């Protein structure tokens with residue numbers, strides 16, 4: 001226990017930068033948030049201005065302190081969580097970025113990834129980095145900057161440039177250019193990192209022609225990396241002491257630190273992580289193998305899977321079908337009927353991800369009879385989110401041999417009690433919704449607080465990680481399996497819909 005009273009989590013996301021002030025009981029005291037510019041130079045290209053990322057993040061740090069009326073000497077530490085994979089390259093001597101940040105969503109390096117596949121590197125990349133070959137990850141973005149920005153490759157070869165994901169950039173700026181580090185969770189998303197040896201991979205650097213000198217040092221997610229002071233030079237020095245990529249930070253914020261523990265974040269899509277302990281499991285179902293934290297913030301492993309369309313399907317009901325006026329209405333309409341009347345909605349608007357991996361699948365509504373109405377369609381759309389979650393979690397359990405203990409949940413759609421209850425029913429496990437909804441920030445705060453002695457250990461945190469509500473599954477196994485069988489039948493009929501007839 002220290003005489004400090006607060007931790008600040010910096011939550012640097014894809015559309016906004018946030019600072020979250022937490023007290024010793026892990027309660028949120030104050031939040032500051034600033035949105036920043038999304039830059040779309042061409043179709044499929046997405047960029048951010050690194051200086052704007054820093055400006056919005058540093059201003060929220062100042063603002064959260066000012067709004068709460070606390071002083072810098074009451075702050076024990078700062079933790080960082082960030083949008084993953086987004087890539088920044090800057091000059092070591094001036095701190096000036098040589099190009100905008102290339103965002104995780106950006107598809108500009110598809111030709112580079114196509115060549116990696118054509119050259120036969122898929123299996124090596126899969127086995128070494130745990131990732132699939134895709135423009136999503138940082139490695140090909142770094143190569144693009146070095147190949148396309150005038151003078152960048154020459155400067156990199158001379159040791160004059162630095163690369164970092166957003167966490168690295170923020171630590172470098174917070175410490176006035178003294179510290180160039182990342183953590184294992186962010187390193188594992190670069191496609192340059194060997195997740196087994198926990199080192200930068202020489203062969204990947206050679207394949208992508210990236211000089212080792214630009215890479216940050218890789219450290220644990222919970223340790224003191226350097227110090228900063230709020231509001232410019234002078235003043236109290238505050239340790240920067242925790243780093244984790246956003247999904248791994250959420251896993252830690254839920255205190256899922258042991259094998260078999262999982263979380264699902266319900267946003268536009270869903271991000272699911274299943275902790276697999278010290279086993280790096282190569283998925284047979286197209287899931288990613290990634291690094292997560294153990295109780296001490298040291299690297300262990302997780303399987304990661306995503307659902308493309310979750311909350312977005314409710315927006316579709318609102319914006320395109322116009323059968324709900326507000327996303328919050330979906331629960332009300334779903335409960336106006338006692339079941340879905342045999343209706344299934346497969347929201348494969350952009351294809352289907354794990355475990356189907358079919359880009360040609362398309363959305364469909366099945367099982368319509370004369371008695372089907374709008375309420376049945378709303379109910380079936382909500383149920384589709386839970387069914388897709390079961391699809392991914394079954395793939396995870398199949399790959400890992402781990403039986404899910406319970407599912408911790410966060411994200412906007414978790415406020416929908418009907419959806420959460422149906423999720424428990426269809427998975428046959430308890431679904432736990434936490435009191436503190438800022439789970440990603442909480443993970444970064446926990447990591448920083450443990451590194452600085454603000455909290456003693458995870459046992460102390462367990463008392464603070466309160467569950468607001470537990471949704472327990474219906475005991476009717478026959479009904480559960482009948483419903484899921486119907487879902488699988490509906491999905492089967494949606495597959496390959498957009499594929500041109502080969503005849």
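Glycine too: its Cβ is placed from the backbone N, Cα and C atoms.
In Swiss-Prot, the sn-glycerol 3-phosphate site is described by 84, 85, 136, 246, and among 14, 15, 197 the residue recorded at this site is 14.
Secondary structure at residue 15 (ATP binding site), as computed by DSSP, is coil. Of the recorded residues, residue 16 (ATP binding site) and residue 85 (sn-glycerol 3-phosphate binding site) place their C-alpha atoms 16 Å from one another. Within the same chain, residues at least six positions away from residue 247 (glycerol binding site) with a Cβ under 8 Å of its Cβ are 84, 265, 271, 273, 304.
In this entry, ADP is bound by 14, 18, 268, 311, 412, 416, whose most widely separated C-alpha atoms sit 25 angstrom apart. Within 10 Å of the C-beta of residue 412 (ATP binding site) there are 16 other C-beta atoms, taking all protein chains into account.
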